Amino acid sequence: MSDLERLMAFLAQLPVEASITDRRKAYDRAEKAFPLPEGATLQASDARDERIAVRDAEKGRWLLYLHGGGYGIGSPRSHRHLAAAIGVAARANVLLPDYRLAPEHPFPAAVDDALAAYRTLLGETSADRIVVAGDSAGGGLAVSTVLAAREAGLALPGAAVCLSPWVDLNFTPDSPVARAAAGDPLVRYDEIAAYARAYLGSSAATDPLASPIFADLHGLPPMLIHASVSEALVSDATRLAEAAQQAGVDVTLELTDGTPHVWHWFWPRLDIARASIKRIGAFVEPHLARSA
């Protein structure tokens, strides 16, 4: 049995945590399970947001990484290892915002916090040296952040990367996501429906900053989208790629088969995850400005 097969068998047996508090604690245990990659160092700070220094980073190059977790769980602690690995591959230092979560802080709190983090980086470097990336809900939030930056009249980042992005919160029990979730050990329909309700609060699911699939994507930077044909959110990824292409965005869609939702998260265990992260670095390199 391969490492991937063992992982999929393990994921299929995972219990559903009883409360959102338990889910948050379980997710954050990744901090102890997965180390940072060689060449990445967590910087000491009193701030909630985390910064990771990458030894071989290009001067002024930054990765703004937005963690996944359905807008209700996840933190810099749960995704530090993944953000750092992408930072190493992209030769970029990392800013990992601890954005506010639902249900305590519904939409648009996450977008507001992500945009604030982007503004912080704009105060330190030029936009064309920044890549905005995220996974799952964070992948959708990455698109929303770029859209919010455009609305605010800010310079846009040099590139965007979306891993298994969740970009449509307006789904029903008979939607493609619901049907695909029946075979997905990580994305269960009842759970993501509950996350969507908690995040949206009184806002419409079709608000383009909550569900960027409904946004006008014209003018967005080059975008890389990764998804697995075996996961529930593959239709979100393919629809986002199609919408971006129709809007004239330079978009690259890469699909894998047999891998779980955001397989990149398991890079310390999976060869295919490490290979996918290397491809992210290769995508980013030509799109970001370099120091003189």
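Glycine residues also receive a Cβ, built from the backbone N, Cα and C atoms like all the rest.
A quick note: this is a predicted structure, and the numbers were derived from the prediction, not measured.
Taken from TrEMBL, the feature active site covers Ser136. DSSP classifies Ser136 (active site) as coil under the three-state reduction. There are 29 other Cβ atoms within 10 Å of the Cβ belonging to Ser136 (active site).
Residues annotated as domain 'Alpha/beta hydrolase fold-3' in TrEMBL: 63-264.
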